[in-house]
Every structure is written in C-alpha cells, then in structure tokens.
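What TrEMBL says about this protein:
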DOMAIN    B:20-133  domain 'Thiamine pyrophosphate enzyme N-terminal TPP-binding'
DOMAIN    B:209-344  domain 'Thiamine pyrophosphate enzyme central'
DOMAIN    B:401-549  domain 'Thiamine pyrophosphate enzyme TPP-binding'
Amino acid sequence: MKRTIIATVNNNSGVMNRITGLFARRQFNIESITVGMTENPEISRMTFVVNVDNERGLDQVIKQLNKQVDVLKVRDITDDSIIARELALIKVVAAPQHRGEISALAEPFRATVVDVGRESITLQVTGDQQKVEALIDLLKPYGIKELARTGITAFKRGAVKSDFETPKHSILN
Amino acid sequence: MGPETEEMQGRELKDENQEMTGASMLIQALARENVDVIFGYPGGANLTTYDEIYRTGMHHVLARHEQGAVHAAEGYARVSGNPGVCVVTSGPGATNVVTGIADAMIDSLPLVVITGQVATNAIGTDAFQEADVIGVTMPITKHNFQAREVEDLPRMIKEAFHIASTGRPGPVLIDLPKDIAAASGFFNYNQPVELPGYQPTVIPNKLQIKKLADAVSEADRPVVLTGAGVLHAHGSDELYDYITKQQLPVASTLLGLGAFPGTHELSLGMVGMHGTYTANMALHESDLLISIGARFDDRVTGALKHFAPNAKVAHIDIDPAEIGKNIETQIPVVGDAKEALRMLNEYNGTPGEFSEWKQQLQAWQEEYPLWYHEEKDFLKPQHLMEMIYEETKGEAVVTTDVGQHQMWAAQYYKFDRPDCWVTSGGLGTMGFGFPAAIGAQFAAPDRQVVAVLGDAGFQMTAQEMSILQELNLPVKIILVNNASLGMVRQWQELFYEQRYSNSVFPIQPDFVKMAEAYNIKGWKIENPGDMQEVLREALAHSGPVLMDCRVEKEENVYPMIAPGKGHHEMEGIKP
C-alpha cells in the first residue's frame with residue numbers, strides 16, 4: 001500500500017544521506033522523496049511516498065525514521081485531510097499542427113506551456129499525483145520526449161473541515 | 001598502568017570558558033565524562049590529540065591494531081556499564097574499527113569513537129589517509145558527527161556521551177579533522193544537552209504495565225525471556241524480585257545470560273539455536289511470552305512461522321522499533337527494563353497459578369538435560385567449560401568470540417551475575433573475545449578475566465598479547481583448540497555432506513611459543529587428565545597466561561535447531 005509520510009528533520013549536512021541510507025538498508029520501497037527548507041531555516045521538511053506490504057512494514061518505516069537523532073517528527077498523513085502537490089515538466093513531441101490541440105488538452109489541468117521548440121513543447125503542471133498522471137496519460141499518444149517529476153510534497157490542511165455529522169438515526173442509513 | 005605525569009594525570013580539570021585547542025577540549029571533555037581509560041592508536045591525522053594525551057597523562061592503552069582497541073573498548077563498556085572510548089586516526093585507522101562499531105551497534109554497547117580526519121580543506125579531495133568515515137559508519141552507529149568548527153566540539157562530545165549511554169545504548173562516532181583539533185576556541189562544557197529528535201521513553205505507560213500484570217494472572221503457561229536490555233538497564237535485582245515473587249520460569253537469550261541467576265531453579269537456560277530443550281519448548285508451548293529487553297533475533301526464534309504459536313506476546317523494550325519488528329506483539333511496553341520491572345513489582349495483581357506448567361518444565365529438564373559423551377583420550381570442550389566454571393567458582397568474567405566454543409561456554413558456564421559475560425552475539429565477530437577481555441580487565445581490575453577463545457578467532461587479534469605483556473595484565477587465555485573453524489566445520493558436516501571447505505587448518509602455530517614470545521606463560525594440554533591441574537595453576541598465576549587446550553576435533557554443538565526449523569524441532573536432544 002502507498003502511504004504519504006512527512007518528517008521534519010534538522011537541516012544538517014548528511015541528513016538526506018541518513019534517511020535514504022536507512023530506506024535502502026531496511027529494504028523500504030520509496031516511490032518519491034522531496035525535501036526543502038521550512039519557515040525555520042534550521043529545519044527541513046521531507047515528504048516520502050512509500051510502498052509498504054502491510055501495517056507492520058509501515059510501523060517499521062515510521063519507527064526507524066523516529067530513531068534517527070536528526071529526525072524531529074514523523075507522521076503518516078495519508079488518511080488526514082492534506083494538501084499534496086507535485087510538479088511535473090513534460091516535453092511533448094508537437095508538430096506545429098498539434099500545438100493547439102495539446103494546449104487545449106492542458107487547459108483544464110491548468111498546465112502551462114513553459115517552453116516551445118521546433119518539434120516539441122514543454123508543459124508544466126502542478127497538482128496531486130492523480131491529476132499529474134492523468135495529464136501524462138493524455139499526452140502519451142503525442143509522444144513524450146522527456147518527463148521530470150518532483151515527487152509529492154504535502155502537509156496537513158490548516159482549517160480541517162469537520163466531518164459531516166450524520167445523525168445517528170436518519171432515514172439515510 | 002600507562003604513562004603518568006605528575007601535573008595532570010589526565011583528570012585535572014581546566015576552568016570552563018578558557019581558550020584551548022580542539023584536542024585539549026577533547027581530553028578535558030573526556031575527563032568531565034569520568035573516562036578513566038581510552039583505547040587507541042595514533043596516526044597522522046590525530047597527532048594533536050595524541051600530543052594532548054602525552055601532555056596530560058590521560059590513561060591510554062595502546063593496542064597493536066585498531067580492531068583490538070575498539071573491541072577492548074566494547075569489553076570495557078560491557079563490564080563497567082560506562083561508554084568505552086576509542087581514539088584512532090583517519091582512513092585505515094578508522095576503517096579498522098568498523099567491525100567493532102558494527103558489533104557494538106547490534107549488541108547495544110555504548111562506545112564513543114573519535115576518529116581523526118584530514119584537514120577540513122582537504123576533505124573530499126582523496127587526500128592521504130582520507131576515507132569518508134561519516135558515510136561508512138552512518139548505518140552502524142547510533143549517531144555520528146563531524147566537527148566542522150572547533151567551538152562545536154564540546155557540544156558534540158557531550159551529545160555523543162549522552163546518546164551512547166542513554167536509551168538503547170550504542171556506538172557514537174566523532175570525526176575530528178586535523179585542523180579542528182589544532183584550532184583554538186572557547187571551551188564550555190556546561191551546556192545542557194538539547195536534542196529534540198532524541199527523547200527515549202524511559203518510564204513505561206502504567207496502563208500497559210497493568211495489562212501485562214493482568215495477563216500474568218490469567219496465564220496458565222507463562223515464560224519470561226530475558227535479554228541484554230535487562231543488563232544495560234542494570235535491572236537484575238528488579239528482575240530477581242519480579243521472577244521470584246511471581247514464580248515465573250525464565251529463559252535467557254545468549255546476550256542476556258546472567259541477568260537472572262543461571263543456577264536458580266526458575267532458570268531454564270538459554271533459548272535459541274543451541275539453547276536448552278526446555279527453554280525452547282517452554283517458549284513453544286507457552287500461552288504468555290514476556291520478553292524483557294530481547295529483540296527476537298533469528299537465532300533466538302528459529303523459523304518465525306513456528307515461533308511460540310500459542311503465546312500472547314508481551315514485549316518490554318526501550319527501543320520501540322524492536323516491538324513488533326519480527327514478532328507480532330499484543331502487549332507492547334516501551335521503556336527501560338529496570339523501570340518496567342520496578343512498576344511490575346509495585347503492582348499488586350492476583351498471583352498466577354502455574355504448578356502444572358512448572359511440573360511439565362521440570363519433567364523436560366529431567367528428561368532432556370544438556371549432554372555429551374565423556375571420553376578418556378580426548379578432552380571434551382563441554383567438560384573443559386565445566387572445569388572452568390568450577391575452578392573460577394562461577395565468578396569470572398568470561399569473554400568469547402563466536403562459534404562452537406561460545407555456545408559451549410554459554411551452555412556450561414552458569415552465569416549467576418549480570419556482569420560476567422562478554423560475547424559477540426549479534427554480529428558474531430571472530431577476534432572479539434581476546435581484546436574484549438583486555439577491556440573487561442580494565443573495567444574490573446580485581447576480578448578474574450577469562451578469555452575463552454577458538455584457535456581461529458584468537459589468530460585474528462592475537463597481536464594484542466603485547467598489551468598483556470606491556471601491562472602485565474592478568475587475562476587468562478583459554479584456547480579451545482580443535483584446529484578448525486569448528487562451527488563452519490559442523491555446518492559442513494551437517495548440511496554440506498562433509499565437504500570441509502577451508503575449515504580445517506592444515507597447520508597451526510605453536511601457541512605456547514607464541515605466548516612465550518610475548519613473555520606470557522603458556523601450557524599445551526593434550527591429555528584430559530592434566531586439564532584440571534593446569535587450569536588451577538594457570539588461574540592462580542598472577543600474570544597473563546595462555547592455555548592451548550587440545551579438544552576433540554569433531555565434537556558438535558547440540559542440541560540444535562537446524563536452519564528453517566522451529567523450537568519444537570530440535571535435534572540432538574538426547575545422547
């Protein structure tokens with residue numbers, strides 16, 4: 001199962017190495033990993049998308065991360081209300097007659113054309129993983145020359161909308 | 001012991017907030033951490049540190065190979081309970097301690113290792129004697145640091161000792177570049193340790209303790225499995241109170257031997273691959289398994305699918321990552337073993353009733369004791385262990401390497417005390433036992449220290465006989481000499497159709513002459529009838545000795561759980 005885990009870590013040299021080394025030696029399967037500074041320059045935030053077989057695997061990922069001295073906090077936010085975004089740059093084969101078509105495809109995704117070459121255009125799209133993948137799928141028939149994805153970065157929403165309270169006795173259930 | 005100058009003897013503290021070099025800060029910090037001995041080896045990148053050792057008279061033991069230094073530090077840590085300190089140079093000096101660091105990591109021994117490093121402006125240039133020691137040791141240290149500013153050094157050292165010795169203990173490494181050791185800065189050691197990412201849980205959750213206590217009252221066939229966590233927590237007294245009050249049977253892991261007295265009637269002996277039949281069957285048949293400071297290593301559990309099939313598992317561990325890692329756990333208790341046992345002792349639950357279960361255990365013990373065939377012409381290694389036990393009255397500090405001799409020592413030396421047993425469990429390091437005995441002797445200068453070693457493992461770190469000679473350290477070396485890599489040979493016999501590939505030595509050195517070359521008194525014992533007398537004389541000798549005991553070469557360690565088998569499938573349980 002795929003889980004999204006965020007960690008705040010000390011912004012020390014070598015911390016990335018500690019984390020990726022940990023994943024490699026414990027045979028944890030990472031799909032993506034992103035890292036960047038937080039509002040506090042001494043602390044970085046990492047977002048991992050990991051593939052684990054079961055609850056025990058997930059438990060180990062979180063516990064092993066927690067054991068690292070430079071890791072301050074770890075959370076599995078998969079089931080929380082979160083904002084998760086990734087950015088993808090997609091270079092698509094685009095003969096002049098196809099450019100309009102591709103732009104039209106990109107529009108509902110709010111993807112923007114960031115570069116145009118003689119035989120290709122490059123689109124930039126931001127969104128959750130599904131959205132990015134949907135656009136990539138649509139562009140595949142044209143021929144994707146190059147693809148670069150940042151991986152998911154995420155955090156919890158500020159104002160968490162409380163779950164709609166279903167009355168205990170209702171004709172609906 | 002060691003060079004001593006009148007002015008400082010390494011212990012005199014300089015005032016805080018003085019300007020001094022990085023090397024001086026290091027020695028001052030070690031003194032503040034009450035380090036009374038360091039094990040090490042000088043080289044180019046740590047010359048400034050060694051100059052400071054020279055000038056302060058810090059007690060330093062010069063190993064003859066860095067591996068000897070780090071294993072000595074481990075032996076010291078295991079017996080004293082305090083971090084062992086090891087100082088080596090950059091590059092090869094540092095890579096030579098890698099085995100010991102990995103050994104300390106997997107067996108949770110507190111170490112502080114200071115490696116020299118090339119100057120900061122040369123790092124990353126493939127300079128002379130440069131190695132990426134931070135990278136190399138990252139996966140085998142609890143934490144590691146590289147000093148990049150001299151004024152960071154006091155904080156790092158303080159954090160290193162804190163991390164190494166608290167929570168689940170482990171090795172911490174500080175990489176000290178040459179220019180940082182020589183640079184000057186203000187020394188301030190009076191800073192609190194602030195590590196928001198490192199907050200081990202010491203006091204367990206009361207509710208979990210209650211759950212555990214209630215499970216004991218309800219159980220019919222409970223068994224306690226004790227590991228080294230009890231020893232690291234210094235919780236033997238609390239364990240003794242708990243076990244005797246609740247009348248629970250106790251099995252021990254290899255590394256946990258001595259946490260509960262091995263001669264006590266509630267002790268079932270060691271579990272695992274070469275554990276006792278009763279201990280293994282107790283786990284297999286139990287309905288409640290309480291693991292205290294043990295981590296369900298594969299040599300303990302055998303095949304996981306057969307492990308304790310009917311047991312509810314309670315697991316007390318200071319490292320939450322160990323709970324549920326290998327074995328599904330119903331009652332997790334995160335915390336220090338001593339604290340958990342203290343809370344269990346305070347909890348007034350209904351005592352359990354296990355008389356039927358204890359009868360069963362006793363029946364197994366009577367039916368399937370440890371066994372071996374005595375012979376007139378050959379010295380049996382098991383008999384040798386029994387003699388060592390008798391002659392040392394069970395009070396010696398025993399160190400071993402890994403392999404057959406280790407298993408026999410574990411089986412036949414009935415450890416009654418928590419500070420008697422120094423062995424390489426998790427990593428299974430040949431060459432560990434001898435230097436570890438040297439470290440143990442420093443931690444317990446007045447006690448008998450016996451290094452029980454295989455002839456193969458001894459040859460991996462035999463050069464440390466120089467330390468015995470130099471310091472007249474009364475370590476007793478007992479070689480269990482079967483002229484082979486006994487455990488490898490045993491597996492080749494059992495699982496590789498007796499193809500003894502490179503496990504039987506065609507030639508051997510004359511170990512007695514080797515010892516004599518270091519001015520160490522040596523004996524060769526071939527006749528089993530001579531053994532006891534030599535042992536008595538050698539143990540009474542005031543200096544170091546070596547006994548080359550020629551044992552039956554083809555003796556195997558039994559009983560045994562073959563790889564892939566469960567606790568109930570032990571072989572060799574009867575003569």
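Quick reminder: no glycine exception, Cβ is built from N, Cα and C everywhere.
TrEMBL does not curate its annotations; it predicts them automatically.
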Overall pLDDT for the domain 'Thiamine pyrophosphate enzyme central' (B:209-344), taken as the rounded mean: 97
DSSP-derived helix, strand and coil totals, residue by residue, for the domain 'Thiamine pyrophosphate enzyme central' (B:209-344): 53 helix, 27 strand, 56 coil
Residues in the domain 'Thiamine pyrophosphate enzyme TPP-binding' (B:401-549) grouped by DSSP into helix, strand and remaining coil: 67 helix, 26 strand, 56 coil
Structural state census, the domain 'Thiamine pyrophosphate enzyme N-terminal TPP-binding' (B:20-133) (DSSP three-state): 56 helix, 20 strand, 38 coil
